[in-house]
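According to Swiss-Prot, the protein carries these features:
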- Cys4-Cys15: disulfide bond (DISULFID)
- Cys32-Cys129: disulfide bond (DISULFID)
- Cys104-Cys121: disulfide bond (DISULFID)
- 11-130: domain 'C-type lectin' (DOMAIN)
Amino acid sequence: DFNCLPGWSAYDQHCYQAFNEPKTWDEAERFCTEQAKRGHLVSIGSDGEADFVAQLVTNNIKRPELYVWIGLRDRRKEQQCSSEWSMSASIIYVNWNTGESQMCQGLARWTGFRKWDYSDCQAKNPFVCKFPSEC
């Protein structure tokens, strides 16, 4: 059994919280790293986790913007584009909105916060943080 901090929700041995205060992607990632050891913007690894996060956003983001930041952004190196999670996990599960895989990624409101879509990294959006729970 494991515990999350007060105000955080547990799923599959990780703790999650949705935050209403709009931040840029970098500001949100920095905020998440300050909340807990190994904290980052949320990574999503399965349909079940996507459902959990979508429900968390629906229940906790008071005035949802078009996007809610997740921990995925494009890294551009020598004309090669690759997406990676902020927590440096490799991408195994993907759920892009059709044709979208550039800039910073957010959960799109018009998909019920289930599909990923791009947004300008400097846009200010609500966000979800995630960290591994302590045993």
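Counting begins at 1 with the first residue displayed.
Positions of Cβ are set from backbone N, Cα and C atoms, glycine also.
Given the structure is predicted, the values throughout are model-derived calculations rather than measurements.
There are 26 other Cβ atoms within 10 Å of the Cβ belonging to Cys32 (disulfide bond). For Cys4 (disulfide bond), the nearest neighbour among the disulfide-bonded residues Cys32, Cys104, Cys121, Cys129, judged by Cα separation, is Cys129. Counting every protein chain shown, 22 other Cβ atoms lie within 10 Å of the Cβ of Cys15 (disulfide bond). Between the alpha carbons (Cα) of Cys15 (disulfide bond) and Cys129 (disulfide bond) lies a span of roughly 8 Å. Long-range Cβ contacts of Cys104 (disulfide bond) within its own chain (separation 6+, distance under 8 Å): Trp25, Trp69, Leu72, Arg73, Asp74, Tyr118, Ser119, Asp120, Cys121. DSSP assigns Cys104 (disulfide bond) to a strand segment in the three-state reduction.
Fewest Cβ neighbours within 10 Å among the disulfide-bonded residues Cys4, Cys121, Cys129: this applies to Cys121. Mean pLDDT for the domain 'C-type lectin' (11-130) in this predicted model: 80.
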